[in-house]
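Listed in TrEMBL:
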- LEU40, ARG41, GLY82, LYS85, THR86, THR87, GLU148, ASP149, PHE150, ARG191, TYR201, ARG238: ATP binding site (BINDING)
- THR86: Mg(2+) binding site (BINDING)
- ARG330, ARG335: DNA binding site (BINDING)
- 1-16: compositional bias 'Basic and acidic residues' (COMPBIAS)
- 362-381: compositional bias 'Gly residues' (COMPBIAS)
- 71-204: domain 'AAA+ ATPase' (DOMAIN)
- 1-37: region 'Disordered' (REGION)
- 202-272: region 'Small ATPAse domain (RuvB-S)' (REGION)
- 275-381: region 'Head domain (RuvB-H)' (REGION)
- 356-381: region 'Disordered' (REGION)
Amino acid sequence: MYDDHDRPTGPADRDLPGPYAREAVSSEAGADERRLEGALRPRALDEFVGQERVREQLSLVLDSARKRNRAPDHILMSGGPGLGKTTLAMIIAAELGSPLRITSGPAIERSGDLAAVLSTLQEGEVLFLDEIHRMARPAEEMLYVAMEDFRVDVVVGKGPGATAIPLEIAPFTLVGATTRAGMLPAPLRDRFGFTAHMDFYSAEELERILHRSAGLLGVPLAEDAAREIAGRSRGTPRIANRLLRRVRDYAEVRGDGIMSLDTARATLELYEVDALGLDRLDRAILDVLLRRFRGGPVGLSTLAVSVGEEAETVEVVAEPFLVRSGFLARTPRGRVATPLAWAHLGLTPPPDAAFGAAAAAQGGGTTGSGGTNGNGSSGTP
Ligand SMILES: Nc1ncnc2c1ncn2[C@@H]1O[C@H](COP(=O)(O)OP(=O)(O)OP(=O)(O)O)[C@@H](O)[C@H]1O
């Protein structure tokens with residue numbers, strides 16, 4: 001019905017361009033990695049680990065639709081990259097026994113692109129629209145009508161002579177996914193019957209995902225190795241699975257084929273994932289923020305340019321984890337490093353640093369001492 005290999009990819013996505021390509025994978029290996037990633041996807045709601053509330057909400061929506069023998073309400077999923085939005089969309093279609101069509105916001109440049117998709121949907125089909133916030137504006141308006149009235153107004157002609165011909169389309173369920181729910185216009189947001197907010201996963205949930213994936217890969221994974229990988233996976237299943245595949249490579253090529261704690265640690269060190277899960281981009285952001293901007297505040301675009309990345313990548317991929325882990329704070333005047341960031345990079349904040357002096361005065365947080373560690377990275381085993 002669908003193949004992960006063919007699914008569209010976006011900017012805040014798997015194999016990011018730029019010097020800090022994420023998640024320990026090169027772009028040449030991208031297609032192969034995506035195929036493997038697809039093989040590790042849970043196929044049913046009860047195989048989907050974590051996100052208890054979302055699962056319960058979703059199962060109610062699906063059960064009710066099945067009971068009424070109607071297509072369920074449109075569903076919006078919001079959350080960072082790699083938290084399982086695509087997986088859930090595939091599960092929704094599978095649970096409903098419906099076909100799934102996958103497209104993405106950036107692929108819809110004109111309303112005609114959307115009309116072509118909508119007008120060929122089968123009754124009850126699930127349409128997964130990834131990165132829905134990046135769809136062209138005129139297409140958005142067409143989508144409103146399609147979601148509400150299952151109708152597409154095809155405009156024929158131009159200028160004053162243009163006429164809209166209404167075209168009925170089959171009732172379908174839209175599953176929209178976004179990493180930036182705030183960017184969706186209210187009229188679009190309001191047309192979804194339910195929004196699933198995907199959160200970061202706990203270490204224990206990631207361990208369960210890792211054991212499940214190791215079983216599918218057919219490579220033994222020690223308990224302590226799973227704990228180590230889970231703790232460094234930034235609360236994100238995609239990262240956990242990626243790291244696991246690198247540990248498997250290491251175990252098979254340099255070890256005895258078993259993913260032990262030592263193998264996991266050696267792999268994570270090789271790929272520069274530190275003890276708290278920060279990788280090169282995270283550390284580069286903190287390094288620039290601390291050394292060049294004395295802890296901030298500094299604007300997002302300045303920060304992004306300084307590390308050679310797109311602002312969206314910094315904002316969507318790196319920042320949520322840095323904020324959640326207490327390294328970075330967003331303030332009205334810009335991004336500010338916390339005492340934890342200074343400590344993690346082994347740097348001493350100047351007395352006038354935002355947070356530095358205030359925190360010291362309050363005795364709050366460890367501000368760290370002992371100067372720099374030279375390369376701005378720390379915590380690597
Ligand atoms: N709850 C989960 N249980 C088990 N595996 C999961 C879970 N969520 C995600 N995964 C795994 O993580 C990988 C990434 O998930 P997915 O592609 O669904 O994320 P996404 O939120 O759609 O990301 P993006 O927004 O970047 O497209 C999948 O290969 C899947 O195997």
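Glycine too: its Cβ is placed from the backbone N, Cα and C atoms.
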Among GLU148, PHE150, TYR201, ARG330, ARG335, the binding-site residues whose C-beta sits under 6 Å from ligand 1: none
ATP site span - longest C-alpha distance across LEU40, ARG41, GLY82, LYS85, THR86, THR87, GLU148, ASP149, PHE150, ARG191, TYR201, ARG238, in Å: 37
PLDDT averaged over every residue in the domain 'AAA+ ATPase' (71-204): 91
Sparsest-packed of the listed binding-site residues (PHE150, TYR201) - C-beta count within 10 angstroms: PHE150
Those binding-site residues listed as ARG330, ARG335, and which of them has the most Cβ atoms within 10 Å of its own Cβ: ARG335
Rounded inter-Cα distance in Å - ARG335 (DNA binding site), GLY82 (ATP binding site): 24
Which of LEU40, GLY82, THR86, GLU148, the listed binding-site residues, has fewest other Cβ atoms within 10 Å: GLU148
Within the region 'Small ATPAse domain (RuvB-S)' (202-272), residues counted as helix, strand or coil by DSSP: 51 helix, 2 strand, 18 coil
Pairwise CA distance, PHE150 (ATP binding site) versus ARG330 (DNA binding site), rounded so that it is a whole Å: 41
